[in-house]
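The following features are taken from TrEMBL:
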{"type": "DOMAIN", "residues": "12-260", "note": "domain 'Major facilitator superfamily associated'"}
{"type": "TRANSMEM", "residues": "44-63", "note": "transmembrane segment"}
{"type": "TRANSMEM", "residues": "75-95", "note": "transmembrane segment"}
{"type": "TRANSMEM", "residues": "115-135", "note": "transmembrane segment"}
{"type": "TRANSMEM", "residues": "156-176", "note": "transmembrane segment"}
{"type": "TRANSMEM", "residues": "188-208", "note": "transmembrane segment"}
{"type": "TRANSMEM", "residues": "229-253", "note": "transmembrane segment"}
{"type": "TRANSMEM", "residues": "273-293", "note": "transmembrane segment"}
């Protein structure tokens with residue numbers, strides 16, 4: 001049913017995208033500075049990210065295989081959202097949220113039980129994030145009945161959720177940390193957990209289509225797809241793009257933190273808000289409009305050229 005040209009049947013998937021990325025935005029981009037406050041070096045944090053990259057290669061295809069093979073897409077999807085909502089706040093409970101001695105040596109870090117607890121929670125919640133990403137896109141395409149041109153108009157709500165809530169979380173963290181020498185990220189954890197739980201309720205009422213037909217030839221089907229030269233070129237491009245984007249996604253906030261510490265210490269009281277606003281600008285200036293246009297220009301390279309140019313701009317900075 002349409003009301004004022006709004007397809008109400010698609011509102012639940014839009015709400016999910018908004019809430020899912022709203023739940024992750026107070027945590028994912030701020031993980032680097034959370035690690036920095038604990039005294040972990042950039043190389044140590046990079047080791048965690050490297051492991052996450054290797055896990056991505058395994059987790060995403062495995063998620064698709066398991067949910068297709070055993071028709072359990074809805075169950076896995078709901079579990080990933082709920083577990084992420086429950087696990088994320090435990091990051092706040094790990095002792096040693098701030099380091100009184102500055103940056104720790106790698107030997108001290110790897111010899112600390114607190115570090116391994118921190119790394120385990122980060123890796124687990126990021127695995128759950130990967131599972132959610134894989135399934136939500138598959139579910140969305142199924143709901144759209146294969147009409148990929150409408151996908152961008154659903155997915156842009158995820159970018160909107162990320163952009164809005166990163167700003168809100170940044171402001172809340174600055175407010176809660178007023179008078180402290182280090183940022184207290186408790187508001188971010190609370191916003192994240194509450195958004196996950198609301199999203200869980202939304203997805204409970206979302207129709208999640210399962211794979212229809214036999215799934216005994218998955219590997220054969222994948223082999224057929226990989227014989228397509230365009231697919232192989234895209235995989236190479238995506239791999240290269242991912243390498244460059246890793247610097248931005250996970251170290252941008254660290255870089256902003258360093259700039260403020262060295263050149264603008266007077267801005268430290270509003271550092272998290274500034275970082276959040278930078279993500280808001282990125283989402284509403286880049287992702288939202290081009291997700292919206294991606295359907296219209298689905299058969300040309302406008303969106304991909306824009307992303308390449310955007311990545312190059314940030315990388316050159």
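Quick reminder: no glycine exception, Cβ is built from N, Cα and C everywhere.
Curation plays no part in TrEMBL annotations; they are all automatic predictions.
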Among 115-135, 156-176, 229-253, 273-293, point out the range having the most Cβ pairs under 8 angstroms from the transmembrane segment (75-95).
115-135
Quick test of the contact rule: Cβ under 8 Å, at least six residues beyond the ends. What residues does that give for the transmembrane segment (156-176)?
14-15, 17-26, 29-30, 183-188, 191-192, 195, 269-277, 279-284, 287-288, 291-292
Restricting to the same chain and to residues at least six past its boundaries, which positions have a Cβ under 8 Å from a Cβ of the transmembrane segment (115-135)?
20, 24, 27-28, 31, 35, 38, 40, 44, 48, 51-52, 55-56, 59-60, 63-64, 67, 73, 76-77, 80-81, 83-84, 87-88, 90-91, 94, 109
Averaged pLDDT, computed only over the residues in the domain 'Major facilitator superfamily associated' (12-260):
92
